[in-house]
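A.B. asks: Got a structure for you, written out below as structure tokens; questions coming shortly.
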Amino acid sequence: MVPQALLFVPLLVFPLCFGKFPIYTIPDKLGPWSPIDIHHLSCPNNLVVEDEGCTNLSGFSYMELKVGYILAIKVNGFTCTGVVTEAETYTNFVGYVTTTFKRKHFRPTPDACRAAYNWKMAGDPRYEESLHNPYPDYRWLRTVKTTKESLVIISPSVADLDPYDRSLHSRVFPSGKCSGVAVSSTYCSTNHDYTIWMPENPRLGMSCDIFTNSRGKRASKGSETCGFVDERGLYKSLKGACKLKLCGVLGLRLMDGTWVSMQTSNETKWCPPDKLVNLHDFRSDEIEHLVVEELVRKREECLDALESIMTTKSVSFRRLSHLRKLVPGFGKAYTIFNKTLMEADAHYKSVRTWNEILPSKGCLRVGGRCHPHVNGVFFNGIILGPDGNVLIPEMQSSLLQQHMELLESSVIPLVHPLADPSTVFKDGDEAEDFVEVHLPDVHNQVSGVDLGLPNWGKYVLLSAGALTALMLIIFLMTCCRRVNRSEPTQHNLRGTGREVSVTPQSGKIISSWESHKSGGETRL
């Protein structure tokens, strides 16, 4: 029952293209009333739209949309951001190496991004190694820069594929839309200049897998095709249908919002831009599940009410409300006038809000005007209350509307960092914060003494340094000893070098040096 009911859901949820659940159905055309017996009462068949009455049936094959596609086709993808990590080292005189890391961006190529994505998905260690910081090179008393390019893959990044023009829609795209994905160009630009978006499956056309093959019976009247009976046994009318391509496949959009790849000999016009197909998303599937349960419950209530009428031989306004047709199309309307059960042919339409049929107090709008009542009685259990307000039994229950509002408020989508409108990008090509979380931390590093020599070279250098230090110590000690020896000698010379004067016979005072000299000369 449920799989079949899913296929007539578009009949009930005809206004789903507008995003609202039809809370009621009411006749927009109402035929003349005629008296009937209670044995003529019947529960409506909500699985069939009684329409043109074509009788000539012939088998044919067609394609229709898979159950579950109503709003958008999800395309799994990923973003690829190019990052350049730069390591700048400086080695000072004594061998201390200071390393400073910086990150910038570059625009990656699609081929490189595809290879990096395949590495990541396959668990290839080359992807993780590509994200590591570069091993810095260094030279004594020089500044050396070492750079390394990395590709940061962030997934998933889901985009919506528009089946009408095969464009992609996501908030990660600059204008929310990407139309350039094709065989020759398999990527989209994003809000970030150095990030591109690519589909996980390089064959984007495979994402448009929304059709299923079915067999049915074409219904025609003479040479004119009126509609068809699908493989579930449901009749679909072609009245009001228009031509529409989905994912490049030509078909017909029916009045109930469904689509079939059916060709007719009639001259059918192309659909205007506002004529869309009811494409399902997960939220709509949940709502349709509730709709199916509600229809099954309503069917059981109708049968119970009909059984009660037949058993008790009495009819009430409340019981007549269960006999109302729940989907748009032709059906019956029932009422009680002057204690007489009445029936009329009716064509039902969907109602999205109560204001459509209750524009003012005491007015029930049918066919564009206020419908007259008979002693406060309308039809299908609708009556005029003592206070002058129109009372509709179904207005007392808004279960489905509450379910829909609950579903709408409970959707929490997964947001890609670039899809967040509050994201503020840095000026220039400095690395953004959203890629930093996917890369190792960078910070300044200062190494120990390292001159870049091999192990034997280090030992030779240490030995030469120790020998030089020893020679310097010996030299300093030798200098100190010489200084200490010269100081006592100078002190003794200063102690015996006092001036001595003598008085010669001539009475002239001469110095001792002159006296010694003249004495020597005398001796000579």
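Backbone N, Cα and C atoms are what each Cβ position is placed from, and that goes for glycine too.
Values in this document were obtained by computation on a predicted structure and should not be read as measured data.
Sharing the feature lines straight out of Swiss-Prot:
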- CYS43-CYS302: disulfide bond (DISULFID)
- CYS54-CYS226: disulfide bond (DISULFID)
- CYS80-CYS113: disulfide bond (DISULFID)
- CYS178-CYS188: disulfide bond (DISULFID)
- CYS208-CYS247: disulfide bond (DISULFID)
- CYS242-CYS271: disulfide bond (DISULFID)
- CYS363-CYS370: disulfide bond (DISULFID)
- ASN56: N-linked glycosylation site (CARBOHYD)
- ASN266: N-linked glycosylation site (CARBOHYD)
- ASN338: N-linked glycosylation site (CARBOHYD)
- CYS480: S-palmitoyl cysteine (LIPID)
- 1-19: signal peptide (SIGNAL)
- 20-459: topological domain 'Virion surface' (TOPO_DOM)
- 481-524: topological domain 'Intravirion' (TOPO_DOM)
- 460-480: transmembrane segment (TRANSMEM)
A.B. asks: Can you tell which of the recorded positions ASN56, CYS113, CYS188 lies nearest to CYS302 (disulfide bond) in space, using Cα positions?
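C.D. replies: Out of the listed candidates, the nearest Cα belongs to ASN56.
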A.B. asks: Spatially, which candidate from the recorded positions CYS80, CYS113, CYS178, CYS226, CYS480 is nearest to CYS43 (disulfide bond), comparing Cα atoms?
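C.D. replies: Checking each of CYS80, CYS113, CYS178, CYS226, CYS480 against CYS43 (disulfide bond), the shortest Cα distance is to CYS226.
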A.B. asks: If one looks at the chain holding CYS271 (disulfide bond), which residues at least 6 apart in sequence have a CB under 8 angstroms from its CB?
C.D. replies: CYS242, LYS243, LEU244, ARG253
A.B. asks: Nearest to CYS113 (disulfide bond) by Cα distance: which of the recorded positions ASN56, CYS208, CYS247, CYS370 is it?
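C.D. replies: Ranked by Cα distance from CYS113 (disulfide bond), first place goes to CYS208.
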A.B. asks: Using DSSP reduced to three states, classify CYS208 (disulfide bond) as helix, strand or coil.
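C.D. replies: It is helical.
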A.B. asks: So of all those disulfide-bonded residues, CYS178, CYS188, CYS363, CYS370, which one's Cα sits nearest to CYS226 (disulfide bond)?
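C.D. replies: Checked the disulfide-bonded residues CYS178, CYS188, CYS363, CYS370; minimum Cα distance to CYS226 (disulfide bond) goes to CYS370.
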A.B. asks: Starting from each candidate's C-beta and looking 10 angstroms out, tell me which of the recorded positions CYS363, CYS480 has the most other C-beta atoms.
C.D. replies: CYS363
A.B. asks: Check the DSSP secondary structure of CYS480 (S-palmitoyl cysteine), expressed as helix, strand or coil.
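C.D. replies: For CYS480 (S-palmitoyl cysteine) - judged by DSSP and reduced to three states - the answer is helix.
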A.B. asks: Among all chains shown, work out which of the glycosylation sites ASN56, ASN338 has the most CB atoms within 10 A of its CB.
C.D. replies: ASN56
A.B. asks: Averaged over the topological domain 'Intravirion' (481-524), what pLDDT does the predicted model reach?
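C.D. replies: Summing pLDDT over the topological domain 'Intravirion' (481-524) and dividing by its length gives 53.
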A.B. asks: Given the disulfide-bonded residues CYS247, CYS302, which one is most crowded in terms of C-beta atoms within 10 angstroms?
C.D. replies: CYS302
A.B. asks: When DSSP is mapped onto helix/strand/coil, what comes out for CYS113 (disulfide bond)?
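C.D. replies: Helix, per DSSP.
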A.B. asks: Between ASN338 (N-linked glycosylation site) and CYS247 (disulfide bond), what is the CA-CA distance rounded to a whole number of Å?
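C.D. replies: Given the Cα positions, ASN338 (N-linked glycosylation site) is 58 Å from CYS247 (disulfide bond).
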